[in-house]
Amino acid sequence: MATWSNLNYQNSASPLMEQIIFFHDHTLIILIMITILVAYLMMNLFFNNYINRFLLEGQMIELIWTILPAITLIFIALPSLRLLYLLDELNNPLITLKSIGHQWYWSYEYSDFNNIEFDSYMIQLNNLSNFRLLDVDNRIILPMNNQIRILVTATDVIHSWTIPSLGVKIDANPGRLNQTSFFINRPGIFFGQCSEICGANHSFMPIVVESISMKNFINWINNYSLDDWKQVLVSKPFMV
C-alpha cells in the first residue's frame, strides 16, 4: 500500500504491475535524456556570441530534428502497445468475481459458487488494527498464483475499481459489464479505492483484496457456504 513520502509506485503484486513499472522506468529514462539534451542546447544558445544574419534555412538540421523524435516515439510506442494488449488479455481464468459499484460501497458476487455474495462497506478507524478510509468490513478473498477474472458494473453512476499494486483500473458503468483479469503472485492484503469522480466522497469507497493460498481459499468457501446454510436454517426453517 502507499506510505508517507512515497513518490514511486507501490510494490507490485502481479506480473502486469511489474511490466507497468518497467515501462514507466523505460519512458522516464528517455524523458530525462531529452530534458538534458534540450537544456544543454538552450544553455549554449543563450551564452554564445555566434551571429549569422543571412541564415535562411538548414535542411539537414530540420531533417535530423524530425527523424530523431519519430524514432524516439517508436521506442515508447512499441512497449506501450505490447502492454496494452497484455492488460486486455484473458488467459483461462480460474475464478470469476463480479463487482457492483454503489454509492458509497461495493457489492461482490462469486459467480462460480452458490450464494456467495456480500456488500463491502468502509469501517471507522476504531483502533490501530485497521487503516483510516481504507479498510472494509468484508474483504475480497482470492487465491494467489491463479488467473482471476473480474466483471465490473454499477447501479447508479460511473465508478472505477482500482487496486494500484495489482495494476488493475477498470470503470464501472451503469448498464454495461466490463471485464479484466489479474494474477496475484504473492500472499498479502492489497488496498484500493474508487478512482472516478462519481460524486461527493467518491474516494471513500475502499477496496481490499486478501490473497491467500488455494487450500485456505477452499476452506473459506466451505465455511462461507456452511455459515450461509446455517442462516437459512435459522431464518427459514420451513424450507428444510
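Residue 1 is the first one shown; counting continues down the chain.
Backbone N, Cα and C define each Cβ position, glycine as well.
Just so you know, TrEMBL annotations never went through curation; they're auto-generated.
As recorded in TrEMBL, the features of this protein are as follows:
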type	residues	note
DOMAIN	1-91	domain 'Cytochrome oxidase subunit II transmembrane region profile'
TRANSMEM	20-42	transmembrane segment
TRANSMEM	63-87	transmembrane segment
DOMAIN	92-223	domain 'Cytochrome oxidase subunit II copper A binding'
Residues in the domain 'Cytochrome oxidase subunit II copper A binding' (92-223) grouped by DSSP into helix, strand and remaining coil: 13 helix, 62 strand, 57 coil
Contacting positions for the transmembrane segment (63-87) when only residues 6+ beyond its ends and CB under 8 Å are counted: 16, 19-20, 23, 26-27, 30, 34, 167, 180
Mean per-residue pLDDT computed across the domain 'Cytochrome oxidase subunit II copper A binding' (92-223): 89
Composition by DSSP (helix, strand, coil) of residues within the domain 'Cytochrome oxidase subunit II transmembrane region profile' (1-91): 62 helix, 0 strand, 29 coil
